[in-house]
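Asker: Pulled these from TrEMBL:
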- D:96: active site, schiff-base intermediate with DXP (ACT_SITE)
- D:157, D:183, D:184, D:205, D:206: 1-deoxy-D-xylulose 5-phosphate binding site (BINDING)
- D:4-248: domain 'Thiazole synthase ThiG' (DOMAIN)
């Protein structure tokens, strides 16, 4: 039941982000409660000069593996540069590749993402690209050597859930690398649904961070992800048009 | 965080049904694992003559409160008669009122349901009517003295989820008695969603009973219901059109 | 292809309402363009004393049949009284029965609606009740002698479209009287969809009246209703999971 | 109200395809009735040697502009070769660029599509690429000089409608070239909806060709597209949560 990406094994299928929390200590507590073992952090938020390295100091738990992301870059070239900085600063070759030239919707660039993925894979990075829910692009990234694909459920921060579900199902059917659904997951029910359709993991940030009670919400997501995975493994019944009564019609009145 | 209906307090917000399991012992194990404290059973399936009372013998756990249902009746008159039989046989005045004249979709009759609810309330029953997700009908049943309302999410056994969500939200907003969403909940994500919008409980039967692994599925529903409730209490963020990045745009490349 | 309700035959399957237009002359022009042959009007808006009967004077076209509605009544008793006033004032025994005790969502009362329908049918009215999309209630109204049923697509004025589609399909499958979808139709595409699933007609008001250009919008709805009906009769293909190319794969490159 | 793409002006916003019709004459009649002025044809189906050029002989009407497509190619290189063949055979530099390496779902390849679009634009082609509903890719294609973008609504031939609507809305908001929604449009209501959200045109093939009555269905799509466009121009009201009655509450009962 555990998940393997590259050389690491994860017991938790809930990956998390570190943005938007009202304080670093609230972030720390929430992420600990979430059970998350892979935590993404924007390179910008890491103090590259080593002073006041606030956010990192809150992530120094054996539970957490860091997944630096390239949020803010706009081209493959910038992404590769950022990845190298991140590797040096954080001493990990894991990388969440994010290239979004559009400042309004922060949607990823398929062309630059593939180009960067190819180069980063050659440079020895474990690349997890954040991309559109495009099944053909996912296969091309797989061929380029990424460790997992991270298609979006809906625009980042929109909390709209799995709007791309018809395409996510195709990606899951076809992918040989793990599929992590990223962006748009706004509620535990969305996370459960993602797992029910067979996703390998989800990445959640906004929905936990901006909740009125991030620690409780982190726990809710943890349970929902586990519930969804359990249901996937136990196999759900398919929707059907005609109702079939749970309680067979009785005839006792005629007896 | 516990739920009160009439004079009983429930720690679990997952109500369950007993139909369609492949064996009584599998039913017993699944329901125990689900944590459910209210279990509905069709009167027909109870051996009123006391012999071979198979199904009941599997429900003799302190965890379970029985909720006999009137599945199979077609009129208020039949429902009242069945309710009285059930009270005598099962020694409980709790009743899930189900009146569905339509053998194909098993949808409930609003007119007969209200009539029966009025009479049964006067006769001292704790009535939980299974009804369409009709906000006005729910208020009328509340006025008639029901202990809770049980609007449907979609047709029984359809596993289609919360198709009536726009009306469930109105019911939840207006109801002074607990709202239990019944019928159509096909996956843990549906149950979580029901709780996230503020339902007081859900009733699940088919989705657990017909799973390839009902015990695991029962556990999945238990966790999903708890996750959804926790998220409701911690307050979810609202969906928004424009994306807002979890990871603020970095400027490190310009530094 | 024409529609028959009671003794009248309609060439247009677009029924319309008269509320919310910015002026009576704009209403008149829009409804003429819509091709609508059945126009509902709230009794309140008709000057029962015969002076300044503004709205009616704009509806004096042979194209229009009037369908007075009982909007504003809260009980069957009030509805019957209003119906009799309407019959006298407007010299028609056609009636759109609307009973909505809830001032916020204006959802219809199933119990009072059935009671009023029974009585009005006995009094010789041609009754078209506005009701929830409740298949069992629709059958009971049919038994009570209504001329058509008017289930809602979503709450009045919400413009949310066919949220009740799963139940509308059952109603259409089972009904022996025409099914007119009322309330919630916010766009021509909604009206087309209603016709595609086999509804006999739709009633549209808000979406036309509050448009920036009601006359153009009336024409758009007219065309959409005709398009949807035509598609229903020509039979649509069913959705399928696997793609099937419109353009067969070519082999010319290998030639 | 007319649409301009490159140097051509279209009065009809319904583009059509030629696959799957049961006969060429039925195709001809349907397309004439549809009013379509741009008709796509797979290069493979054109007899490049000039004999028995059945399909083309049915498209020799002044109403039709031909849009050869590259269906069946798997790479940019193949696409450019096919485009050149098509230009020579059909004497047009218009081209629907389709590159789909996946034989099951026929989803387009973003990388090869951009590469081919860049090269074809340089070669003087009027390129209309069929692509995923990926807003960033659409902008890159626009920069590469395409004449329009053709994002998919759902997988080809699936008849599932506008599953990608959240992304189509972003594409429409951002695009400087016309947006033509292609693939998945299974019913006139889908086509109307596409126009209502501001698409410039739709391309329909399967839904017309496989209908029991393609000629009637072609007419239905024609009307639905016109209705949707008219509604877009007349501005639709927005969905709202709370109902607002079309018929103001009456007070006549109190008079």
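Cβ from N, Cα, C; glycine included.
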Asker: What is the interatomic distance between the Cα atoms of residue D:96 (active site, schiff-base intermediate with DXP) and residue D:206 (1-deoxy-D-xylulose 5-phosphate binding site), given in whole Å?
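Answerer: A Cα-Cα distance of 17 Å.
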Asker: Which secondary structure state does DSSP assign to residue D:183 (1-deoxy-D-xylulose 5-phosphate binding site), in the simple three-class scheme?
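Answerer: DSSP assigns residue D:183 (1-deoxy-D-xylulose 5-phosphate binding site) to coil.
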Asker: With every protein chain in view, how many other Cβ atoms are within 10 Å of the Cβ of residue D:157 (1-deoxy-D-xylulose 5-phosphate binding site)?
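Answerer: Counting Cβ neighbours of residue D:157 (1-deoxy-D-xylulose 5-phosphate binding site) within 10 Å gives 25.
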Asker: My understanding is the cutoff is Cβ-Cβ under 8 Å with a sequence separation of 6 or more in the same chain; which residues meet that for residue D:205 (1-deoxy-D-xylulose 5-phosphate binding site)?
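Answerer: Those within reach of residue D:205 (1-deoxy-D-xylulose 5-phosphate binding site), by Cβ under 8 Å and sequence separation of 6 or more, are D:16, D:17, D:18, D:19, D:20, D:40.
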Asker: Max Cα-Cα distance in Å among D:157, D:183, D:184, D:205, D:206, the residues listed as binding 1-deoxy-D-xylulose 5-phosphate?
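Answerer: That value is 9 Å for the farthest Cα pair.
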Asker: Other Cβ atoms within 10 Å is the metric here; tell me which of the binding-site residues D:183, D:184, D:206 scores highest.
Answerer: D:183
Asker: How would DSSP class residue D:157 (1-deoxy-D-xylulose 5-phosphate binding site) in three states?
Answerer: coil
Asker: According to DSSP, does residue D:206 (1-deoxy-D-xylulose 5-phosphate binding site) fall in a helix, a strand, or coil?
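Answerer: The residue in question, residue D:206 (1-deoxy-D-xylulose 5-phosphate binding site), is helix (DSSP, three-state).
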Asker: In the three-state scheme derived from DSSP, which category covers the residue listed as 'active site, schiff-base intermediate with DXP'?
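Answerer: Once the DSSP labels are grouped into three classes, the residue listed as 'active site, schiff-base intermediate with DXP' ends up as strand.
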